[in-house]
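Listed in TrEMBL:
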TRANSMEM  91-109  transmembrane segment
TRANSMEM  158-181  transmembrane segment
TRANSMEM  201-223  transmembrane segment
TRANSMEM  235-253  transmembrane segment
TRANSMEM  289-313  transmembrane segment
TRANSMEM  320-335  transmembrane segment
TRANSMEM  341-361  transmembrane segment
TRANSMEM  382-404  transmembrane segment
Amino acid sequence: MRLRPNANALPDRAEIEFPSSLKGDEKKNLTSDAPWKRIFYLCLAFRILNSLLVQTYFNPDEHWQSLEVAHQLVFGYGHLTWEWKKGIRSYLHPFLFAFLYKVLAILHLDTPWLMMRAPRLFQSIFAAAGDLFLYKFSNVVFGNHVAWWTLFSYFTNWFVFFCLTRTLANSLETVLTIVSLYYWPHMRASSGKDSGSSRKLALAIAALSCSVRPTSAVIWLYVGLIELFVASDRFRFIFLEVIPIGAVVLAFASAVDRMMYGSWVIVPLNFLKFNFLSPGGDYYGTHPFHWYFTQGFPVMIFTFLPFSVAGVIYSKNWKLSGLIGWVIGIYSILGHKEFRFVLPVLPIALMFSGYSLAALNTQELPLGKSKRSTKVHTRWSLKLRLAVFFLLVTNIPMGLYMSLVHQRGTEDVMYYLATEARSGEVRSVLFLTPCHATPYYSALHQNVPMRFLDCTPSEQRGIPDESDRFMLDPVGFMSEFVRNWTLPSHIVLFDSEERKLKDFLISENFREAKRFFHAHFKVDRDLQSSVVVYVLTSW
């Protein structure tokens, strides 16, 4: 296998040099495009299984910024958080799941199990499309052999498995990023001459990604600057493509939001003002500047890290590796940091891992020292077998544990309450947990009164919200809270607070009804090992 540098000296694509003894038909079979439909069906089957195995709670936005909004749109009840009152969220993403809920309602399939599982099954379709386009993108950049190993890396990386089929806007943003990069001419193997490339289509998808998640603009600023540097038609690019396409997509998104908000709201502007131009995002915690480099991204890419670093060094594809560094660097400037924010560049990093793994199955190149042409081994080398074994035994247990075990109690408790409510056994629910610690109406799917501890950011910094006050002093908080409460039929709380409130709950005629395992180790607070449901003894 020999690397051929293109016109701008970036060796973006690895090409196989075939022995002269091969006949023309044999060469054609080896170099022909892969059967995309079969690859998509493979990806879809895998992501469906993936979605069914994701049964834990990761981030509140998965439920509260997508499914809860969609449920309110379709069924008329659901909780809209403070972000929707300030106009910093777009309805484009929730609309996808509103469509799903409407179909379930029409077919009378809105059962507790499907209301919990169907959104992630639906997301698996988008995730599979992203898998396919990652394969195709890797194929045009590095070649078919690398593309298969890229797909292997993407399928087996623990964080992708854990996160991609969740209903986060970041998951859809990741898919749209991959698709747009595939169509972007100057991010491909040759300088815009590929028949499969389309700058206008890439721009439209990028604009849609920014509408779904405005911070996606960080990615497309880098890609746009690369385009300005290498393109010969800069005037056309800016004035006849970027501005018109961006305006059309923004107008479409604004029209959708105008219909839902009842007034004109420029969501990307409001979002960027709150998260970038003000310390609003810091309300939910801050991390040091180096967090993404030293903890965040290394945890996500996990044991693929050395393979990805080797792929970056030896492939010398500085455009794509630069994109990873750019995104992580820009996000490092912000105080509030989360793993999911940099999810869109994880597939790119895993492309470089695929490059390294493919190299271990060749004679010397592209990671070796020899400059001679090489062939792909029909049998895996010992190095490759050891590498695959190492990656599987480190990522599969991690992915399954995080998806099936860690923090599953808050999802299990909502399924339990949903089945109880469906039978008329639930009158009202009070959640004495950190705010947004569980799914809400989108999981319960019964219009019964529910109450959780509020955590809306205060206009004045340093003032603890209702959720913080409860966590600091559960007994003192409840002594004040009961003066104005209406007794709920069910109370949900973590065992760490239950120990402090057990006597109080018994004195108010509550008894333990159900206990669900939640976690083996603490994350942000004290260990929350189980979720407990207390029920009023007589109501």
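Including glycine, each Cβ sits where the backbone N, Cα and C put it.
Same-chain residues lying 6 or more positions outside the transmembrane segment (235-253) and placing a CB less than 8 Å from one of its CB atoms are 90, 92, 199-200, 203-204, 207-208, 210-211, 224, 227-228, 267-268.
Ranking 91-109, 158-181, 382-404 by CB pairs under 8 A with the transmembrane segment (341-361) puts 158-181 at the top.
With a cut-off of 8 Å between Cβ atoms, the residues of this chain six or more beyond the transmembrane segment (289-313) that come close are 153, 157-159, 321, 328, 331-333, 337-339, 342-343, 346, 349-357, 359, 367, 387, 390-391, 394-395, 398.
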